[in-house]
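Before we start, here is the structure in question, set down as structure tokens.
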Amino acid sequence: MSAYRSHTCGELTAAAAGSEIRLSGWVHRVRDHGGVLFIDLRDHYGITQVIADSDSLAFAALEKLRAETVIRIDGRVKLRDPSLVNPKLPTGEIEVYATAMEVLGAADDLPLPVFGDQDYPEETRLTYRFLDLRRESLHNNIMLRSRVVKWLRDAMWDQGFTEFQTPIITASSPEGARDFLVPSRLHPGKFYALPQAPQQFKQLIMVAGFDKYFQIAPCFRDEDPRADRSPTDFYQLDLEMSFVEQEDVFRAIQPVIQGLFEEFGGGRRVDTDWPRIPYAEAMLKYGSDKPDLRNPIEMQVVSDHFRGSGFAIFAKLLEQDGTEVRAIPAPGGGSRKFADRMNAFAQGQGLPGMGYIFWRKAEDGTTEAAGPIAKALGPEKTEAIRTQLGLGEGDAAFFLGGKPETFEAVAGRARNEIGRELGLIDENQFKFAWIVDFPMYEKGEDGRIDFSHNPFSMPQGGLDALEGDPLAVMGYQYDLACNGYELVSGAIRNHRPEIMFRAFELAGYGRDEVEKRFGGMVKAFRYGAPPHGGCAAGIDRIVMLLADEVNIREVIMFPMNQRAEDLMMGAPSEPTNEQLRELRLRVLPRE
């Protein structure tokens, strides 16, 4: 017999009754029922009930055990009384009568009990993550993640992709976030960077003549944390293909993502018709470039009904260039109480409130509009708004106005809140959409033009498109949205040096700077670069959706906290003076 176990704690069934066996695992819990001990012994595979009475040689030692002590048990498998069978456990038909026990690893008093589903502060959970990972729900999430990664890897090989690994230490490049810099000991004053993505390397793989690449890639970005984003590092399914257009990439990745959600989605419906929604349309209708299409609400522009109207706030606002008024339909939200709740939501978003109209049955049996805006507009205009929005008795509409960039994001969040409050969102499905035709550039608060998405994307229209208004240029860039999250992002790449130089010039990068920062890729493009494109799918976020979690740290084995700290390992930590001397660095005091 093995020194530690003949079976796992999830393996024994009624067929093993009468067998002499050996188990090892953690003491999940101990119950003393009047001289008979019941011990739930747990390992990675499951739980087996161990019993010992006062006649057992192991009784005295078992009686002193603390929870989470690691023990080895020798014993005999017995069938449970039929009334005591536990159908929730694979081992629920049997129990093991202990004849001998050895402590393999003692446990101190626990700062975080493993048994039960009590919630604990995140700081405690992350400090004692090794204990937290023993808890069933988190343990299952991490195992789900492992199965997802294996499934993705197999699916990519089946599609003819080849797996390659790209460097982890590389040069800094502008890819939308701050780099993590690594000082060079051999080259004082110079720094490497951890890659935000394998972007340049995967393009160089295509230039090198390989046709279809993928890897499960670690990415490093010094970002502000969110519930759906890690502040330091994450993993993505990264892929690139030669001689492809945008639709070719879509055809390659859809069966992978769709199949993954069908396999691990827990029976939730998986949408198979993935619409292509231009970025401008997504922002107009949904107030987001990652819309939750489970919510049927679509916003509409209703400026014409307010222009020159008796509702002075919007009428005056619409006299300014570039302004509009948008309506958010709220089917079933036609009550003042609901309007008050939504106004409270808007105030929580930093707005003074949202205008609203709701429709109700009048005394004469017709449908009439109510609310402050309705009084100011009059029945003719409110009826026109109702008709445009397709609303009726018992419904409402909420209104926001101004320059779209000042209110679109809040309008999108309000749309989501209205959908949730009114029960319009079907939680039992995954709905996907490709967001396409992203603007290549955006204007910052300082008035400067910069890339809005991926700087290595091919502009639609090629070089000619870059000779006009930069803000009118669209790129061959695309995101895949699912249930309000961005799951995939990608682009057809700019593989022509002359177009690349011009594209970067518009964003304020001179030719010399482009050569300095991206010299390897620019040089490669001068020696015959194929048209190529690809995308990357965020594995952490995908697993978060599949596990039905709302916090990405619930699907990462050892995550950072919201302040980008590893409470378990004590990172970040201060370097020693010797390390600083070797690297010729000095730490300046915080100003």
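Glycine is no exception: its Cβ is also placed from the backbone N, Cα and C atoms.
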Can you find which of Glu163, Glu486, Glu582, Glu591 Swiss-Prot lists as binding ATP at the same site as Arg221, Asp222, Glu223, Gly538, Ile539, Asp540, Arg541?
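According to Swiss-Prot, the candidate sharing the ATP site with Arg221, Asp222, Glu223, Gly538, Ile539, Asp540, Arg541 is Glu486.
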Among 91-94, 199-202, 271-274, 447-450, where does Swiss-Prot put the label region 'Aspartate'?
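Checking Swiss-Prot against the ranges 91-94, 199-202, 271-274, 447-450, the region 'Aspartate' one is 199-202.
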Would you mind ranking the recorded positions His33, Arg493, Arg541 by how many other Cβ atoms sit within 10 Å of each Cβ and giving me the lowest?
His33
How big is the Cα-to-Cα gap, in Å, between Glu486 (ATP binding site) and His453 (L-aspartate binding site)?
13
Closest of the recorded positions to Asp222 (ATP binding site), Cα to Cα, picking from His33, His453, Arg493?
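Nearest candidate: His453.
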ATP site residues Arg221, Asp222, Glu223, Glu486, Gly538, Ile539, Asp540, Arg541: biggest Cα-Cα distance, Å?
19
